[in-house]
Amino acid sequence: MKKFDIAIIGGGPGGYSLAVILANNGKNVALFESNALGGTCVNRGCIPTKTILKSAKIRQLMSNSDKYGFESSHTFNLEKVFENARNNSKKLQQAIKGALEGAGVSVFNQEAKLLSKNVIKAENNEIYADKIVLATGSRPRKIQIEGIEKANVYTSDDLILDYHDFDELTIIGGGVIALEFASFYANFDKKITIIESNNQLFGNFDESIRDAVNSIIQRDKINIITNAKVLKYETDGLLIQQGETISKHKTQNILLAVGRIVNNDSFSELNLEKYDNGVLKVNEFFQTSEENIYAIGDLNAIMMLSTSAYKQGDVVAKHILHQKSDEKFVKSNIPFAIYTNPDISFVGKSEKELESAKIEFESAQVFAKNLPRAHANLDFEIGFVKINYEKNTYKILSATIFLEDSATLINQIALAISKDMTIFDLQNSAFTHPTLAESVYYISRNIAFSKKS
């Protein structure tokens, strides 16, 4: 039986990056991945979706090319758009493979299953590891709807892996995945409908995020059906109940975007402690109830983002390597983005969380129409930056940015929050002009010079 210091099951962002770190620090590491290296992010999520969304942004620019002084018509090839996405995934798979090989990680392209807290079986191989990291990720959740087999039914995996030709698409579910796909297809002249069971999209998010989402929906002419229960599919459409009213929504193409479920088959033989929903319990170091077994990324469902998986891997690496560190994984320090056009980005505690914690806070906001760079870009009709800060200390608590490349801009606020910075710290910094990033400076300067002494 081969022996390793650490075995990692799952080759997504959390798994492969942790494997490289540990191997580069002298550990004998095995990594198991039954599918393509890179996990959901590289192959069916972050990278391919951002590739196609880049094309959607260009398409939107082309649709308004006369505004920028161009007078010509343009055609598009959606098959090429999806081919680019697949090619990018393949390139990154090879890059990850090279990084793992360069670090000396033993990679097993096999499905792995835990037989005990130290023994893994993969095909005909059994290996022993002192410590095991579970990084098996998640998959799209599917729901049963009577008669739905009569329609063309997709998950996000299906749509990103290949080009599908349709003129209309109905999306069941109103979260991030739903909005990104809706905005993408709407920009390529497809008729899009989102069906949401709640009374509004993103109901658990701050009002500022909902405002941004609504701006995208209105601009892209996405049809929204709320307070809706899908009853069944009949011949050419979905039967939908809203209150006492039942109606038919005609559609042939359906995307199920109703959340994700964790992949827990690899450790089903072990009696690891779980919550009622089946998600593994972990401590601050991401150890499970078996202290030599860790669980990171989507698997622990703390925050289903690659950003989260990377940072959780950092915490695990320092714990395994016995590095002295005060690094903790703080959910509210992790920024996230909805990759529409423009991006909708957020970091920090939500306003509901702040109110529940009885933290007194104030808010400040600047709109795109007040930013010189937005005018230079001829792109100021929608967009804003909003910052929440503690009333007495002026400590930065959270921010929403709805601007071009806000997924990049939000990182400066994430850093400020993680370092307990104040509005005055931001005002003391200089920002290049004219940029969208200086929106943060405008807000902080206005507050700093209006403060009552």
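The backbone N, Cα and C atoms fix where each Cβ goes, glycine too.
Automated prediction, rather than curation, is the source of TrEMBL annotations.
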Listed co-binder of NAD(+) (same site as G173, G174, G175, V176, I177, A178, L179, E180, G259, source TrEMBL) among E149, E196, E284: E196
Nearest-integer angstrom distance between the alpha carbons (Cα) of D298 (FAD binding site) and C41 (disulfide bond): 11
In three-state DSSP terms, the structure that C46 (disulfide bond) belongs to: helix
Nonlocal residues around K50 (FAD binding site), in sequence order (Cβ under 8 Å, 6 or more apart): Y339
Lowest local Cβ density among C41, C46, I177, L179, which the record lists as recorded positions, within 10 Å: C46
T136, S138 as binding-site residues, winner by CB count within 10 A: T136
Largest inter-residue Cα distance among G173, G174, G175, V176, I177, A178, L179, E180, E196, G259 [record-listed NAD(+) binders, Å]: 15
Recorded FAD binding residues, K50, T136, G137, S138, D298 - maximal Cα separation rounded to whole Å: 22
